[in-house]
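What follows is a set of notes on a single structure, which appears directly below.
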Amino acid sequence: MNRLQAAPKALYIHIPFCTNKCHYCDFTSYVLRGQPVDQYLDALEEEMKRTVASLPPERIETVFVGGGTPTVLTPPQMERFLGAVFKHFPIASDAEVTMEANPGTTDLEKLKAMRSGGVNRISFGVQSFDNGLLERIGRIHNVDDVYASLDNARKAGFDNLSIDLMFGLPGQTVEHLSDSVDRAMALGLPHYSLYSLKVEENTLFHKLYERNELPLPPEEEEFNMFLLLMKKLKENGYRHYEISNFAKPGYESRHNSTYWRNEPYYGLGAGAHGYAQGIRHVNLKGVQPYIDANRERLPRLDVYDIPEAEAMEDFMMVGLRLLEGVRTSKFAEQFPGHSLEEQFGPIIEKLLGNKLLERLETDGDTVYRLTDQGVLLGNEVFGAFIAV
Amino acid sequence: MTDVRDRQKKIRNFSIIAHIDHGKSTLADRILEYTGALSSREMQAQVLDKMDLERERGITIKLQAVRLSYRADDGEEYLLNLIDTPGHVDFTYEVSRSMAACEGALLVVDAAQGIEAQTLANVYLALDNNLEVLPVINKIDLPSAEPDRVKQEIEDVIGLDASEAVHASAKAGIGIKEILEQVVTKVPAPNGDPDQPLKALIFDSHYDAYKGVIVYVRVVDGNIRAGKKIRFMATGAEFEVIEVGAFKPKMTIVDELSVGDVGFVVAGIKNVKDTRVGDTVTDAKRPAPEPLPGYRRINPMVYCGLYPIETQDYNDLRDALEKLELNDASLRYEPESSTALGFGFRCGFLGLLHMEIIQERIEREFNIPLITTAPSVIYKVTLTNGETMDIDNPSNYPESGKLDFVEEPYVKASIIVPNDFVGTIMELCQGKRGEFINMEYLDANRVTITYDMPLSEIVYDFFDQLKSRTKGYASFDYELSGYRKSSLVKMDIMLNSEQVDALSVIVHRDRAYHRGRLICEKMKELIPRQMFEVPVQASIGTKVIARETVKAMRKNVLAKCYGGDISRKRKLLEKQKEGKKRMKQVGSVEVPQEAFMAVLKIDED
């Protein structure tokens, strides 16, 4: 059985509620007030039962609870939810169990409930250390909340913490960002995610953008922001291991690495995506439709087979995001009977020629990875592998 | 013979003149429906415009002719031939020939918008051909309809009596009967003598895979029937008629076409080039002494290179051109090659619209993505050694050392405008190196202005300028007036220091600097950022006269992979890639399709 056919070792669960909607966000998320959260948790448990019945997991090595804002659950809801996860899935004792959290929705009591429920890693959506900027992008927290939340998390027994920061925000300058990064570095966390803003359709930002009212930094400025980030993180001893992610050695997100290695994962919850046995699915996005569907079936919105050729493209598209690159041996393992060079030889040669990719020989294996220039122009590289 | 003469009295041949969108096709459909040529069930909307492209652009490119029978209020059965006409200056000659096949024309004017520029030129063609012009005020059911104002306008601008103009709505089927009654009572029956030797006017033809060329004719004298030996007077080609018929609107074989009839002739003709529009068909055994007046041999005026974006489409492109040529006697093409674009064809067209149509049909009907180079005219070059050559492609322009002198084609351009625009037009024409010839008042409000102008300036952006500067109120026609010596230079464009032959243009020396700068600016706008900096330069010989830089792309990378949503990421990259498909790799630079036409799309002001 090749790796695509094996039962997933990674589990993603989506909690689609937020206290409010941020101006740049187009994920499946709904404002919490008046939502049937308990019924949603009932439905999630139904989906867990049906999922393990239809494709029994052997061993779950990573869990990621994302949103929305999972930390909007009350401590009792949290306890109940995590209890269900650990009851239905065989979570390994050394599993990485991450939950996304927003500063301002995490008091000590809740953090303790998370910890005792089995969460051992928290990813905080900090976004910026500039209160004015936080307000402009629609966040409800302020910088004080960030410090308080991190303190509480440590008190509750968490040491594996990560924060998200954003750059390329409207009105943001290199100086703003530099200040935020310095403050982030001062926290000395083991992991940081640094994302550039992308204006997605169906967001307030998109509307403003269409009306020419969103003062995004010019390309050159955003480019300088990215360079600055990479420089500062490196100086502070963090390894740039994925386009948007930096970690102290040993603290790379194991769960996200599943996606980047094109390996399978369970995906549960409204709007969640999953990938198993060569099939991708996306769940119903509305809370009520999701709850209703779970009374009788798996709550799928769409299920599609990924042809082998497309899966190979995906392998390159996501795999090259990791700065360690893709290994030809891993390719052959996922796609028995195919070799990476045979499949993509001319494309790779071109990218090597453009100095966007480089080739390394290690341990008798061939590795292709992004060059420094390739990191900046990643889309040019990923896009080259996509057949249209 | 009395039968034929009686029948002749009951024939009415007419066409419809209208501006785009004023409802010509809908009216034609209604007339067909009303006379029972087609039941409404059979009607596919707008039967006469056969090609998708025509329907979409709302213009008629290929002429059609339909025979209808109509029982009039006088109790008599009439035979009506409706001849559809194209509506653009590129096809003025075809229009004039199809009008020459008629005795009357319906002038359809939108009740809300009134007369538009394009209509005028065709009305004058109709009046030149002595047609009885019947005004029809269409779209009378619109809330904004102002029939009285429009009638007054017709009287003032064209000088036609509009008091009896029919109020119609082709869409709602209003006024159709009244229109047909006017056709019967006001359009004269055809003149012509059935006993004279055959004279028939060719006004169109099309190629049929089984029957060969099908020639559309209007019989002026004599008759034509199967078995008769015919001769085309201009080309001298002779054929034996296999069948004759009429479009009802389906092709229907009849015994003979007699005086006044409009129909088709099949005679085993292999090549549309034998059947020139405007030529006269006569009896080979008893030829007419004189052909019908008005024949002109039409030659391409504008040339451009057509190249497939994907080199492997070359053979398909040749097949496509072969097929299009079967139906289009004025299309010319021959293979050529370009360093930048590879293998393609140099093609000749009647004008810019003709060029655009062919280009679009190739892309759409044959699904071959194309690069079109900027159009060029034919320059006559005399070398210092006395040799002369015709240059239709700027990249073949000889180097200046070998050049004695160059001549470029001039046209006589006639522009009809309301007199408010006289100053504007003169300014425009002067700016285009035009020489004023004449100005004539048609009536109190309208003027015909005539200029002698280089054709290359017309090809450049004259139409767009004319339209925008006169709010669409100018009508325009031109004919070749001859060649004149000019001070011309070849301007080359370099991308990333490599000369791109397909971007070279021939320009007047005085304008080279200005135009070079504009082209470089436009290129900078059109060429997307590449992974390296791309200098864009314009040069004459070795001298660089303008320079711009396309800055290097600095950052293009997506942020996170949200909760394993791969499809979102994939879609974005697919979109990026889709955009690249429309680009041509020229040396190391990816150049979008439009850039090759950029020379035309610059705003001089």
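Just so you know, glycine gets a Cβ as well, placed from its N, Cα and C.
Whatever TrEMBL says is automated annotation, not expert-curated.
In the three-state DSSP assignment, the secondary structure recorded for B:Ile140 (GTP binding site) is coil. Around the Cβ of B:Ile140 (GTP binding site), the number of neighbouring Cβ atoms within 10 Å comes to 22. The GTP binding site annotation in TrEMBL covers B:Asp21, B:His22, B:Gly23, B:Lys24, B:Ser25, B:Thr26, B:Asn138, B:Lys139, B:Ile140, B:Asp141.
The feature domain 'Tr-type G' is assigned by TrEMBL to B:9-191.
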Sparsest-packed among the binding-site residues, when each Cβ's other Cβ atoms within 10 Å are tallied, from B:Ser25, B:Asn138: B:Ser25
Residues near B:Gly23 (GTP binding site) in space but at least six apart in sequence (CB under 8 A): B:Val108, B:Asp110, B:Asn138, B:Lys139, B:Ala170, B:Lys171
